[in-house]
Amino acid sequence: MDVAGKKVTVLGGGKSGVAAALLLQQLGATVLLSEHGALSSEAMQRLQAAHIAYEANGHSEQIYSADFCVLSPGIPPTAPVVQQMEAHSIPLYSEIEVASCFCKARMVGITGTDGKTTTSTLIHTLCEADGKRHGYRSYSVGNSGIPFSSMVLAMQPNDVAVIELSSYQLERSISFHPQVSLITNITPDHLDRYGQNMQRYAEAKYRIFMNQQAGDTFIYNQDDSMLQAAFGASQIAVPCRSVAFGLEPLTNVQLDKRRVLVNGNMVVVRQNDGALQPIVAVDEVLNRAFRGKHNLSNVLAAVAVGEALGIGSEVMRQALTAFGGVEHRQELVATIDGVEWINDSKATNVNAMRQALEAVPAPMILIAGGRDKGNNYATVSHLIERKVCLLIATGESREKLASFFKGKVPVIAVPTIDEAVAIAHQQAKAGESVLFSPACASFDMFNNFEERGAFFKQCVRQVL
């Protein structure tokens, strides 16, 4: 991508938009950043320091004089400004697409509905450990928080860019070409963006491997029914080596693709000759701070990537045994009077809540709720009825939750998280857990799940 001398519009003034603007200006483009709403003071300071033009609280006609446009992931394809860009025949790219054009490092792309951040963090941990031995650096970028654009020019050819990708980021990634790609799972989420069409959502995820070539590797989860149907049965052609990981029992049809599995208590890699190479014992990597079948699946995914990158088994074992989990993902906040308090604010859909309910031992008090995303709680009803001694429903969706579970488990509905924590503290007994797993978006009261999780932890510490 040649950007020197080009006029570029960046739509959206969040972290990725500002990072893209700074990168493009550094590479010689003339940039206008345009934000429909307000810009943060930090964003304005960074843009002013770099002498980048910007506008906020609306879009002017200037934005349509660009050679191309960088579209922030939160702006949907149906937004009027996007449709106007297309009407003006202005090419639209994601921030990921732009950054990848200037990336010298090896790229690992990770997407999926759940498990992206934990798996990306595991992969980054493996690469950091291997990099210390072999003289390269690992960069964890993308949807996890640090924009790809802000780090890409520092990356060297032997480095590794571990890139977490949402479906939104992949939509406008036209030529993005990771050497290793991974899909953790695909379950219903964000369907409002995709016209309630699950296939359209999946196809956005599948963009991750579309530009891969014969020497590259695509990795998928055989335990996910949608992925197994698409790739295990070869319904969708993949242009590179395709390998799988999984926990469920194998069939002969699956065996030829499964590379990483559990044999007894051991995570193993199946070699080309069928021999099993041990990597790490399950009970060495799973613990109170990092537990559950879903996290074991995340470990298998990371090992599959490590194997594709040529990371040695001993390096992987040492790195995995030292891993302590990721903030806001079944994070053990504190143990108070024999009660474990667990922050799972990242559970923004019902499937993520299900994983937490399966991982945390009964009995528990469950705090759930927020901005509903068309949730169907029937898929977790059996777990809640069996394991939850009290459901505290909070946020905008509290009445929907309370109505659905009325008569199934004891339910209390309160407006706010701090009220929910106070009630849980009064009711919890030694040997129980308090699990905060909202199954909803955070936008009813918070800017993001991180802010929500931090508030929950603050509330917990106040009752210490």
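The count begins at 1 with the first shown residue.
Positions of Cβ are set from backbone N, Cα and C atoms, glycine also.
Annotated features in Swiss-Prot:
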type    : residues                                 : note
BINDING : G112, T113, D114, G115, K116, T117, T118 : ATP binding site
Starting from the Cβ of K116 (ATP binding site), draw a 10 Å sphere and report how many other Cβ atoms land inside it. 24
Long-range Cβ environment of T118 (ATP binding site), under 8 Å and at least 6 residues apart: N295, N298, G325, V326, R329
Determine, for the ATP site, the additional residues of the same chain whose CB lies within 8 Å of the mean position of the CB atoms of G112, T113, D114, G115, K116, T117, T118; present them in sequence order. I110, T119, T184, N185, N298
Mind checking which of T113, T117 has the fewest other CB atoms within 10 A of its CB? They're the binding-site residues. T117
